[in-house]
Amino acid sequence: MSDGAKTDTSGVTGLRKKFFRYLAAAFGAVLTTSIYSFVDTVVVGQYEGETGTAAISCVTPIWNLFISFGILFGIGGSVMFSVCRGAGDERKSNEYFTSSLLSVVGVSAVLYVLFLTLKTPLLSLFGAGDDEVVLAKALAYVSWIAYVMPLFIVGNYLSAFIRNDGNPLLATVAVVSGGVFNIFGDIFFVFGLDMGISGAGLATMMGQILSFCIMLTHFVRRKKCTLRFACPHGFFALLLRVLRGGFAPFIVDFSLGVLVILFNNRIMQLGGQTALGVFGAIATTVLLVQVLFYGVGQALQPLASFAYGAGDTQALGKLLRYALLTAAAMSVIFFLTAMCAPAALTLVYIGEPGEETLALGVYAFRAMSVQMLFMGINVTLGYYFQSVLKVATSVMISLLRGLVLCSALLYLLPAAFGAYAVWWAMPAAEAMTAVVSLVLLAVRRPRTSAALAKRKEK
């Protein structure tokens, strides 16, 4: 085995330690999708109030839609990379790296041009609507970020491959460094230089540049980096497998972006700017919690993919148990926090809220807390099925919790129970999906074990 394929799953104690080592690293890596928006929302909310969080909410879908493509090629390509490494085929693993890299660069360029050309109508469509104040603040925020938007896509892609190439610590260091810079940069630019929401965008831009540059150092460490350019044989066949492997997590982020757009417009219709400002806080919190669950899934994925490629049923089962227990513990913590301290959470995001805003924030955060009990199960099992190449099952889970159930409940619940029921759309969708996910696990897991045992006999 090459140095880069450092995911040997032998030994129970070693396996547990390796999972939690990958988990710690993954928590840092996945924060690339949320640390910037979280810090920006908090700082901007304290400076601008609910108008600022409303503007951030209109920008949030851009993060989801752009970053989802980095996840599509990064997770999809790295899954196939690890499976090939587990099977001992280093040449094929690098063909997957090369084909996915070329694809993500091309897609990034196209999306970048579209964003620069259409950013004003997009922000209006994403929730700002005819509100000139919210639209102006949203444009001020993205004015700096627009220069480096492709780095958010390619950065997510590189993070996935660096983890699967046996260097999860570097991915963590890169993201944490960019995040720390963003925190202090936000405070300095927004408050110190009195730049307001524009300063938050500047800090985010500079933090992402720093994070991306640190990731690039992986490729000059020849002893640790086993990623090599290899001429892809059958480029489109390789790309199709990459797309299949990454489609489930792609749909999670992409559908979240679409849902935020639907929520922004629906909430603006039902409650106006105040409700949209509260939703900006809710959406940022949901994103933060969801990417932490991604951390569990992304710690599981390279190890489970390797175990699956090696035909190690015992290791695969233990890894799944570690991941589900971790997700369950996190779910309880998140639930209790949001249920017991909703007013404090509202005040974190919105400086000096009015009585109406605070009351709405308390209600919305308590409704969201129920969602936390089920989200971890769905995200973790989505990654598990993806790791064992049960792509259709993984996609089914992702679609159910996103576009299928949540988008329907977003309109059905308020129509049946009134405007406040809109806050229960996501919790209800997660709960219904969790039931389906657990049934699918009970049905699919024995089949996977039997298939691996049969393959080993050959």
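Placed from the backbone N, Cα and C atoms, the Cβ positions cover glycine too.
Copied over from TrEMBL, here are the features:
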{"type": "TRANSMEM", "residues": "20-39", "note": "transmembrane segment"}
{"type": "TRANSMEM", "residues": "62-84", "note": "transmembrane segment"}
{"type": "TRANSMEM", "residues": "96-118", "note": "transmembrane segment"}
{"type": "TRANSMEM", "residues": "138-158", "note": "transmembrane segment"}
{"type": "TRANSMEM", "residues": "170-191", "note": "transmembrane segment"}
{"type": "TRANSMEM", "residues": "197-217", "note": "transmembrane segment"}
{"type": "TRANSMEM", "residues": "238-263", "note": "transmembrane segment"}
{"type": "TRANSMEM", "residues": "275-296", "note": "transmembrane segment"}
{"type": "TRANSMEM", "residues": "322-351", "note": "transmembrane segment"}
{"type": "TRANSMEM", "residues": "363-385", "note": "transmembrane segment"}
{"type": "TRANSMEM", "residues": "397-417", "note": "transmembrane segment"}
{"type": "TRANSMEM", "residues": "423-443", "note": "transmembrane segment"}
Contact yes or no, the transmembrane segment (238-263) and the transmembrane segment (322-351), 3+ Cβ pairs under 8 Å, gap 6+: no
Most Cβ pairs under 8 Å with the transmembrane segment (423-443), selected from 96-118, 170-191, 197-217, 363-385, 397-417: 363-385
Same-chain residues near the transmembrane segment (322-351), Cβ under 8 Å, at least 6 residues beyond its ends: 16, 19-20, 23, 41-42, 45-47, 49-50, 53, 277-278, 280-281, 284-285, 289, 292-293, 296-297, 299-300, 357-358, 361-366, 368-370, 372-377, 379-381, 383-384
Cβ contacts the transmembrane segment (275-296)/the transmembrane segment (197-217), at least three under 8 Å, sequence gap 6 or more: no
Chain residues in Cβ proximity to the transmembrane segment (62-84) (below 8 Å; excluding those fewer than six residues from its ends, i.e. six or more beyond): 5, 7, 33, 36-37, 90, 92-94, 96-97, 99-101, 103-104, 107-108, 111, 115, 122, 126, 142, 149, 152-161, 163-165, 238, 241-247, 249-254, 256-257, 260, 287, 298, 301-302, 305-306, 308-309, 386-387, 389
Maximum Cβ pairs under 8 Å to the transmembrane segment (96-118) - stretch from the list 138-158, 170-191, 197-217, 363-385: 138-158
Same-chain residue ranges lying at least 6 outside the transmembrane segment (363-385) that approach it to Cβ under 8 Å: 248-249, 252, 278-279, 281-282, 285-286, 289-290, 293-294, 296-298, 300-301, 304, 320, 323-324, 327-328, 330-332, 334-339, 342, 345-346, 391, 393-394, 397-398, 401, 420, 423-424, 426-427, 430-431, 433-434, 437-438, 440-441, 444
Folded-back contacts onto the transmembrane segment (197-217), same chain, C-beta under 8 angstroms, at least six residues removed: 32, 36, 39-40, 43-44, 47-48, 52, 55-56, 137, 140-145, 147-148, 151-152, 154-155, 158-159, 162, 170-171, 173-175, 177-179, 181-182, 185-186, 188-190
